[in-house]
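Feature list (source: Swiss-Prot):
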- 1-19: topological domain 'Cytoplasmic' (TOPO_DOM)
- 41-54: topological domain 'Periplasmic' (TOPO_DOM)
- 76-83: topological domain 'Cytoplasmic' (TOPO_DOM)
- 105-110: topological domain 'Periplasmic' (TOPO_DOM)
- 132-143: topological domain 'Cytoplasmic' (TOPO_DOM)
- 210-267: topological domain 'Periplasmic' (TOPO_DOM)
- 289-316: topological domain 'Cytoplasmic' (TOPO_DOM)
- 338-343: topological domain 'Periplasmic' (TOPO_DOM)
- 365-384: topological domain 'Cytoplasmic' (TOPO_DOM)
- 20-40: transmembrane segment (TRANSMEM)
- 55-75: transmembrane segment (TRANSMEM)
- 84-104: transmembrane segment (TRANSMEM)
- 111-131: transmembrane segment (TRANSMEM)
- 144-164: transmembrane segment (TRANSMEM)
- 167-187: transmembrane segment (TRANSMEM)
- 189-209: transmembrane segment (TRANSMEM)
- 268-288: transmembrane segment (TRANSMEM)
- 317-337: transmembrane segment (TRANSMEM)
- 344-364: transmembrane segment (TRANSMEM)
Amino acid sequence: MAAVWRWFVPERPSFYDRGLLALTFSLMGIGLMMVASASIKEGPGGDMFYFTKRHLIFLFVCLGIGVGTLYLPLERWREWSGRLLVGALGLLFAVLAVGRTVNGAKRWIGFGFFNIQPAELAKLALIVFIASYLVRRSDEVRGNIAGFVKPLAVVFLLAIMLLAQPDLGSVVVLFVCTFGLLFIGGAKLVQFIAIIVAGLSALAGLIIYEPYRLRRVTSFLDPWADPFGSGYQLTQSLMAFGRGGFFGQGLGNSVQKLSYLPEAHTDFVFAILGEELGYFGVLVVLFLQLLLAMKALQIGRTALLRSKFFEGYMACGIGIWFSFQTVVNVGAAAGMLPTKGLTLPLVSYGGSSLIAITMAVAILLRIDFERRLDTSHVIQREAA
């Protein structure tokens with residue numbers, strides 16, 4: 001216990017947020033454990049640990065990319081914000097041109113062993129771009145409708161490419177992050193009301209237009225009306241939670257993962273966690289996810305108070321992204337929201353999601369590091 005206490009409360013000031021690092025590694029560890037358990041019947045060729053080995057490789061790749069991101073000065077992100085967005089648009093276009101189709105959706109670009117899902121990288125690229133835009137055009141955003149609409153035009157362009165895949169879940173994430181950042185940036189409330197009404201109308205139209213989306217919504221409202229058809233996945237997920245009780249069936253003892261619950265190691269890994277670790281495990285993971293999002297928002301608030309607006313907007317955008325995606329994934333697994341195909345941050349299987357989220361965490365660590373470094377320099381100057 002003493003060693004743990006010294007880790008979180010070091011005797012000498014630390015130049016990085018140990019709590020954020022501990023949260024990240026804890027969620028990664030839980031994710032590896034649950035992917036190993038949930039995917040044990042899914043591997044091709046009879047390899048029970050196929051997805052576990054791939055997930056472990058993804059984690060090592062993520063750590064390498066995270067370290068590289070940590071060494072990148074934040075000013076570079078600001079300088080490259082436009083190029084990152086153009087790169088994300090290029091990758092989304094490439095998906096439509098040469099992407100792989102899985103379960104009726106064309107969302108991945110195949111590179112042999114590894115498939116890239118550009119939608120995950122587009123989320124981070126958009127947050128960086130919007131943060132840069134708010135710094136460059138802060139008066140315009142606060143003063144007139146044009147400054148509010150311009151970033152939304154960028155999101156609409158991304159949304160068109162994502163809907164062609166189709167990937168409505170990522171579109172919703174992009175709009176929520178953009179609205180959140182515009183609100184923090186000082187946009188007028190009346191502008192939000194008008195755009196939100198228009199957005200909800202468009203969302204309803206998209207749901208009605210595509211039969212599979214309409215089936216998802218109707219099955220979410222009453223999954224037991226068609227438990228072996230459109231409501232099958234959700235009813236199996238609810239049964240997993242029901243079997244888990246308070247303390248679960250024990251790690252590895254899930255029944256629903258045995259070919260009953262589709263996508264058990266990706267979109268519905270939270271349901272398997274509930275079955276094996278019970279509501280106790282569910283609360284632990286939700287608490288860790290809440291702390292992760294709060295850490296991001298706290299880092300953002302501190303940066304904004306110190307007039308580090310680009311860094312503050314980026315951190316707040318990342319916090320909104322993490323929290324909203326967690327709510328949607330958990331809500332879909334628990335039958336409170338329609339399924340959207342979004343991962344549970346740092347827990348679900350998926351290399352592109354892990355890479356994007358690890359890069360985002362590394363950016364948070366870098367923001368906090370530069371803040372601590374500035375504070376240290378101020379103290380040294382005052383002492384001199």
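Note: Cβ is positioned from N, Cα and C throughout, glycine not excepted.
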The transmembrane segment (20-40) in contact with the transmembrane segment (111-131), cutoff 8 A, at least 3 CB pairs, sep 6+: no
Of 55-75, 144-164, 167-187, 317-337, 344-364, whichever stretch has the most CB pairs under 8 A to the transmembrane segment (111-131): 344-364
Selected stretch (most C-beta pairs under 8 A with the transmembrane segment (167-187)) from 55-75, 317-337, 344-364: 317-337
The topological domain 'Periplasmic' (41-54) [mean pLDDT, rounded to integer]: 76
Distant-in-sequence neighbours of the topological domain 'Periplasmic' (105-110), which means Cβ under 8 A and at least six residues beyond its ends: 91, 94-96, 98-99, 116-119, 165-167, 341
Same-chain residue ranges lying at least 6 outside the topological domain 'Cytoplasmic' (76-83) that approach it to Cβ under 8 Å: 128-129, 131-133, 135, 310, 314, 363
Chain residues in Cβ proximity to the topological domain 'Periplasmic' (338-343) (below 8 Å; excluding those fewer than six residues from its ends, i.e. six or more beyond): 105, 167-170, 172-173, 216-217, 220, 233-234, 266-267, 325, 328-329, 332, 349-350, 353
Outside the topological domain 'Cytoplasmic' (289-316), six or more residues from its ends: residues with CB under 8 Å to it: 17, 19-20, 23-24, 27, 74, 77-78, 127-128, 130-132, 134-135, 138, 180-181, 184-185, 322-323, 326, 344-346, 363-364, 367-368, 370-371, 374
Residue numbers, six or more beyond the limits of the topological domain 'Cytoplasmic' (132-143), whose CB comes under 8 Å of its CB atoms: 77-78, 81-82, 150-151, 181-182, 185-188, 309-310, 313
